[in-house]
Amino acid sequence: MSTPSSSLTTDESPASFILPDLVSHCPFPLRYHPKGDEVAKQTVHWLDSNCPDLTAKERKAMYGLQAGELTGYCYPYTTPERLRVVADFLNYLFHLDNISDGMMTRETAVLADVVMNALWFPEDYRPTKGQAAEELNPGKLARDFWSRCIPDCGPGTQARFKETFGSFFEAVNIQARARDEGVIPDLESYIDVRRDTSGCKPCWVLIEYALGIDLPDFVVEHPVIAALNQGTNDLVTWSNDIFSYNVEQSKGDTHNMIIILMEHHGHTLQSAVDYVGSLCQQTINTFCENKQQLPSWGPEIDDMVAKYVQGLEDWIVGSLHWSFQTRRYFGDEGQEIKQHRLVKLLTVAPPPPPPPPTPPPQSSDADTKKQKVKAQDGKGPVSDEEVWALVRAEQSKGSILESLFGFLTTSLSRIFFGYFFAYSH
């Protein structure tokens with residue numbers, strides 16, 4: 001495949017960039033579930049019918065996402081019933097990603113409590129301290145798909161799903177805190193958090209559910225299995241950073257490896273994309289090498305491991321191809337961009353208007369007199385003695401009652417502000 005000219009992307013303010021050819025580098029065959037399209041229609045209707053507050057724009061994006069089709073690529077050998085449960089989760093996961101974008105730290109913590117409550121108490125809603133008496137919609141959706149997942153889900157798989165989904169929310173909270181503070185993390189910190197904000201880990205657990213297996217803990221915790229899991233996570237996550245960069249930069253979102261490389265490591269846009277692309281290619285190579293290092297645990301476990309590893313491969317190749325099919329990243333031009341790999345940058349959306357200015361507080365009589373003293377002598381901080389000297393001088397201009405009122409007002413103000421600053425610091 002020919003490579004577009006890089007001259008289009010060498011300006012300080014580029015108008016476009018070139019994608020790495022990750023699809024051609026991936027050695028795994030692409031598969032699709034025979035019932036994938038049918039289940040995709042069912043799952044998007046499930047989310048649509050259970051989210052009455054979505055706007056018309058949000059509904060259009062939901063249908064353009066094609067999360068059900070992603071499920072068909074990544075879980076091609078499961079039963080239609082289990083495919084539907086996994087598809088509902090993937091649609092739900094993207095929904096959580098959308099509603100958590102822009103949330104403050106406190107709001108993401110509330111969201112996490114609501115969802116994890118549904119996973120730990122799937123039979124009925126049990127509000128904990130501080131939770132609303134009526135269950136919020138994200139909790140209802142989680143309880144719906146999870147209650148359908150449990151009957152065919154092994155105990156180890158259930159435990160791992162709840163653990164990894166909990167880690168997802170912890171990482172989302174870290175991301176929200178960085179967003180609150182306007183911080184762009186360093187590369188190492190970003191990679192560590194991104195492995196959880198991606199939501200990939202619970203998706204890997206659902207490979208077990210989809211295939212009807214329940215891997216022993218000692219297998220899941222084996223270094224080679226852990227390396228295969230992390231390699232798949234990195235490949236899916238980092239390639240997603242490349243594919244989603246254009247949309248994210250247009251919204252001012254900084255939770256992206258491309259932006260971090262430009263911010264902290266002096267990369268241009270194109271060199272950052274090329275660098276992440278090379279990391280993805282190296283990760284695919286390392287995955288294949290690690291696969292050859294798998295030990296044997298006996299025929300029964302080896303068969304489960306082989307199915308599980310193939311599930312990881314299906315995720316790698318499926319997510320790469322789906323990224324050009326969904327409208328989430330490239331709109332209606334995905335298939336064309338898949339061929340020529342040239343991405344034209346979207347216009348950056350203007351920032352929201354600033355809030356109206358807060359009117360200045362009314363100055364007290366004592367404050368006004370302090371300003372007068374400062375203006376008269378040009379000195380720094382004004383002492384209490386100087387203020388009261390001016391007060392006494394001006395008291396002769398008014399009645400005794402006015403003088404007494406001025407004294408009481410100033411004294412009470414001094415007491416109030418003294419306590420205020422003492423306790424606020």
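In case you wondered, yes, glycine gets a Cβ from its N, Cα and C as well.
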Inquiry  = Of the ranges 32-36, 97-101, 197-201, 292-296, which one does Swiss-Prot flag as motif 'DDXXD motif'?
reply    = 97-101
Query = According to DSSP, which of helix, strand or coil covers D101 (Mg(2+) 2 binding site)?
reply = coil
Task = Do me a favour and check the Cα-Cα span between S244 (Mg(2+) 3 binding site) and D101 (Mg(2+) 2 binding site); whole Å is fine.
result = 14
Task = Looking only at C-alpha atoms, tell me how far D101 (Mg(2+) 2 binding site) is from N240 (Mg(2+) 3 binding site), rounded to the nearest Å.
result = 16
Request  = Using the recorded Mg(2+) 3 site (N240, S244, E248) as reference, state which further residues of the same chain have their Cβ within 8 Å of the centre of those residues' Cβ atoms, listed in sequence order.
outcome  = D241, I242, F243, Y245, V247, N256, Y329
Message = Give me the CA-CA distance between E248 (Mg(2+) 3 binding site) and D97 (Mg(2+) 2 binding site), in Å, as a whole number.
response = 13
Count of other CB atoms lying within 10 Å of the CB belonging to E248 (Mg(2+) 3 binding site) = 19
